[in-house]
Amino acid sequence: MTGQGTPFVSLDDFEQHAMRNLDRNALDYYRSGAQDMITLKENQRAFDRVFIRPRVLRDVSTVALSTSILGEQIASPICIAPTAMQRMAHPDGELATARAAKRKSTCMVLSSWSTTRIEDIGDGVKWLQLYVYKDREATRRLIERAQDSGYTAIALTVDTPYLGRRLADIRNRFRLPPHLTMANFADTGKAQVGKAEATSAADNASGLAAYVASQIDPTLNWSHVEWVKSVARIPVLVKGILTAEDAVLAVNAGVDGIIVSNHGGRQLDTVPATIDVLEEVCRAVDGRVEVFLDGGVRRGTDVFKALALGARAVFLGRPVLWALNYNGEDGVVEMLNMINEELRLAMALAGCVSVADITRNHVKVPGQPRL
Ligand SMILES: Cc1cc2nc3c(=O)[nH]c(=O)nc-3n(C[C@H](O)[C@H](O)[C@H](O)COP(=O)(O)O)c2cc1C
Ligand SMILES: CC(C)CC(=O)C(=O)O
């Protein structure tokens, strides 16, 4: 746990290490948000505007982080979000992430656009993130492969009918390095990023945007949610909900869970921070399905705030990539240990001995004059 002899003391240290270590094509792809990156910055800043209301004198000698998601037990409410192409960060890529998730008894969501095949991920609590391809049969096969390989839920991403404009990727003409492929499509001609030509006004010079425009179905609508539900024998969540209106439609469509997400600020810039819309979504859902959050979670206190505002668990995106780049599987374990211990301390100092103890009254949000 040293960076040039200095101990890592926060998740930011993993990022600083990656900034020095990763090549520009990968680093810019991983860290960028869309356009002016206002949402990207806001995701973290918004956590700083939420304050914790601690309770004292509660005997916090033992604090338990364990919880369940969609009925499955996990050791902590800190899970791993889907991020594409992890082998650019470390040769072991998604395999290392999955092994780390298993060691920590938490959930990993595998991206459809992983550089490791669905079938090659070992056991553990694992969900598959799904993009709906124009090729409906290719999409159906992904769902079936996940079910056959022990994945216990499908997280359908609903905020990416087109790729957001990520300026650095356009400047760099982002390409997946030639020794890597979108492993789940190795036999379909859909495995290389950077070869497709731009095909519509939404395209740009990033190889990824061209890939999305050529493969992903931009007609994506609520009937696709119903279609995915009709194919899947495992729970289906929607990832990318930011409003009460869409949360109600999602519940009415029969989803099993909602992930409040703005895709880490990478899709539509200037949408609000996820922590700022979480409560609105939870109120609309009113306990009918579990609600999760990702975006800007970097501290145990951030996790605490998200749980207080209604999230069942949170997901980490970029911190996993930085930790993977730092030291593969062990790096991801080290990063997860760090944020889990931060959460444990935050809970103790706020007077909570279990995640069920964390309530709405433990936080004060901007514009909330009194309780
Ligand atoms: C490099 C990168 C790749 C991503 N790839 C996917 C993906 O394939 N599918 C998806 O639904 N979300 C993807 N996301 C979004 C994440 O799942 C998640 O919403 C976001 O990273 C959370 O924000 P954070 O990075 O601030 O933790 C990606 C994010 C990053 C940074
Ligand atoms: C291949 C990409 C569309 C994956 C993604 O979701 C992202 O880069 O944000």
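If you go along the chain as it appears here, the first residue is 1 and each next one adds 1.
The backbone N, Cα and C atoms fix where each Cβ goes, glycine too.
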Which one, Arg165, Arg166, Arg171, is listed by TrEMBL in the same glyoxylate site as Tyr29, Tyr131, His263, Arg266?
Arg166
Cα-Cα, whole number of Å: Tyr29 (glyoxylate binding site) versus Ala84 (FMN binding site)?
10
Local confidence of the prediction over the domain 'FMN hydroxy acid dehydrogenase' (3-368), expressed as mean pLDDT:
95
Just to verify: the residue among Arg166, His263, Arg318 with the fewest other Cβ atoms within 10 Å, which of the recorded positions is it?
Arg318
With respect to ligand 2, which members of the binding-site residues Tyr131, Arg166, Arg298, Arg318 satisfy a Cβ distance under 6 angstroms to one of its atoms?
none
Find, among the binding-site residues listed as Tyr29, Tyr131, the one whose Cβ has the highest number of other Cβ atoms within 10 Å in the structure shown.
Tyr29
